[in-house]
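Chemist: Relevant sequence annotations retrieved from TrEMBL are reproduced here:
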TRANSMEM  20-48  transmembrane segment
DOMAIN    40-288  domain 'G-protein coupled receptors family 1 profile'
TRANSMEM  60-78  transmembrane segment
TRANSMEM  142-163  transmembrane segment
TRANSMEM  201-219  transmembrane segment
TRANSMEM  240-259  transmembrane segment
TRANSMEM  271-290  transmembrane segment
Amino acid sequence: MMDNVSKLTIFTLSGLHEIANYRVTLFVLTLLCYCVIWLINLAIIVTIIMDKCLHEPMYIFLRNLCINGLYGTAGFYPKFLIDLLSTFHVISYAGCLLQGFVLHSSACADFSILVLMAYDRYVAICRPLVYHSVMTTQRVCASIFFAWLIPLYLVFMGSITTARSRLCGSHIPKIYCINFLVGKLACTTSIANVIIPAFNYTFYFLHVMFIAWSYMYLIRKCLISSETRSKFMQTCLPHLICLIIVVVSLLFDLLYMRFGSQTLSQNVKNFMAMEFLLVPPIINPLIYGFKLTQIRNRIIQFLSGKRI
């Protein structure tokens, strides 16, 4: 029996069972949101690539944040749109693991890039005289490389341990796959299935602590200087807002999965599950696009037909 239950090839997703009456409307709204996500993120990415004046560390990190937004949403929206038009909501075993890998690694990469942006602002405001010697092209490229490599590696190791588990079920009570829910279907829990997720959570919790510490230091610095206060409001405030949005969006879903009440309606559960795939990819580029003067001016110039 154990050999049979470990050879599952299909998972069922139960999160869309209550949307039969308005799935076409939801499909149109979801497709519109996905198009908006691509439009605004791509606008920021292309603007930064095309304008040599924006080839600075802060904008390079922002470009990677937008790329990561497109990467993460690509792991969810195409499958979700297909499910909205289907009466059977299933996903293959390999597809489930791949979706979980993309969503997890995208969330982790968000924190890695936000750490780089926080460090960049710390050096720019608190140590402006050595900024260009610290944030060199080589160091920026190396930091971006590791900001992508480390999340991909850590999540890959977690996905491998999940894939090695013997499963005793195929029902996932969500609108997408994540490693945590696949791991709950395991017949037994291995030490690796406990240690690796615990390490990953701790590792990225320390990321959040580092960002919080850097901003506490920056705020204290801004209180004694009007010049640094102006620079903080212009470049750091958007980053701080983006960090809060990402953390709150992820915490909603993570805390609910572990401690939430099962009495909530399925629609509320679905919104909480989608929030970090809906709010940050739309709000983050909009905040930077409107707040950072150089990006806003370049986009306006492009839309008005002027050369950048």
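Cβ from N, Cα, C; glycine included.
Those TrEMBL annotations? Automatic predictions, nothing curated.
Computed from a predicted structure; not experimentally measured.
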Chemist: Do the transmembrane segment (271-290) and the transmembrane segment (60-78) share at least 3 Cβ pairs closer than 8 Å, excluding pairs fewer than 6 residues apart in sequence?
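Modeler: When sequence-distant Cβ pairs are counted, the transmembrane segment (60-78) touches the transmembrane segment (271-290), since at least 3 lie under 8 Å.
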Chemist: Taking a Cβ cut-off under 8 Å, which residues six or more beyond the ends of the transmembrane segment (142-163) line up next to it in the same chain?
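Modeler: Distant Cβ neighbours of the transmembrane segment (142-163) are 60-61, 64, 97, 100-101, 104-105, 108-109, 112-113, 115-116, 179, 182-183, 190, 192-193, 196-197, 199-200, 203.
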Chemist: I'd like to know the mean pLDDT over the domain 'G-protein coupled receptors family 1 profile' (40-288).
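Modeler: In the predicted model, the domain 'G-protein coupled receptors family 1 profile' (40-288) has a mean pLDDT of 85.
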